[in-house]
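Shown next, in structure tokens, is the structure this report addresses.
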């Protein structure tokens, strides 16, 4: 059988782990299995067929660094349609007065358009995998399948403000989606049960749904301890801190990943560590909504797996994970009053291997037999000159626009900054039309 091989040639290769560094190597990928087969220095020629009927395709990485694809571990992809719609407001007012009313008018077509726009932005800026909490999930799944990226998806369940029938319908939808789409797109798509938060889903509903999710080994993802106004009602109503409340509902296990964790007390950090649950840090969104500064150094010291996420484009307002990892490093230093806190390599780890680990997805590392979720970052720019320290540059100076090639599961999604799997012009045009239509319905 003919084998198709991709070889990424001539690049600096980022190696993470205990001793982060850079090596000079070519990376060989089996495009059928989607895995890295070899990392070496052997020269290869472009577009050739060898004696074993092997088709070889090359990507030029000269003057570039090859690194694991970035993982956006918490977002709401279709919220790209609400980018810039409602800014400069605190979280609860923003949600209740602007975002939730707008989302009530979202159509399946709009969610598809917004998700495709988000995926274009993510591929261009080096994200190969993401976690998406939203609705009209069949449209989200279709967009992911066509684009070639990797994701863990779920229906964002909200029961607050609904009668029992509507609440149970939403709850059932969350469970049905998690069961229906797990393993879709040749396993590139995984699922989770995704209650919005501990305050927007009632306790009795959580008890019922979490029990079913656990029976099916479905991970759980939710917003936790994002703002004081989210923490206080739980303390007032249950006389417990949020993560103690969550633990009592069996919502704190090694497969679960929580978004934000801004207002965590020491015992809650210990609970996360003991449970093996992961925390997704969303620094840009937390800054924009004035939610606070998550205690990332303390979480890392406790051994908690920390990933990074952009949150939705309505609260960020972009999906560039290079921005996010820089924000994480700098905000971590401010929060700890320590310039050595959250160093460059640690921030990159959170945006790659940390994200893959939190989501329970492959990726996040470059080694033989690992999945080929890779990006090539072009260092030939004034803002990346001189290259005293490539790892430092990736954390503090690189931008999403520096990404030259993007590969996911051994498939080239972007080559020389041209996306291969999506008609970008059509996506942008459709998203603009859907966004304007949404706003017209709102008015």
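Glycine is treated like the rest: Cβ placed from N, Cα and C.
Note that this is a predicted model, so its numbers are computed, not measured.
Positions annotated as Zn(2+) binding site by Swiss-Prot: 74, 76, 223, 311. Around residue 74 (Zn(2+) binding site), a 10 Å sphere centred on its CB holds 28 further CB atoms from the protein chains shown. Secondary structure at residue 74 (Zn(2+) binding site), as computed by DSSP, is strand.
Annotation source Swiss-Prot lists substrate binding site at 103, 196, 226, 311, citing sequence analysis. Non-local neighbourhood of residue 311 (Zn(2+) binding site): 74, 75, 76, 259, 282, 284, 285, each in the same chain, at least six residues away, with C-beta under 8 Å from its C-beta.
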Check the DSSP secondary structure of residue 103 (substrate binding site), expressed as helix, strand or coil.
helix
For the binding-site residues listed here, 103, 226, which shows the highest count of neighbouring CB atoms within 10 A?
226
Which one, from the binding-site residues 76, 196, 223, has the smallest tally of other C-beta atoms lying within 10 Å of its C-beta?
196
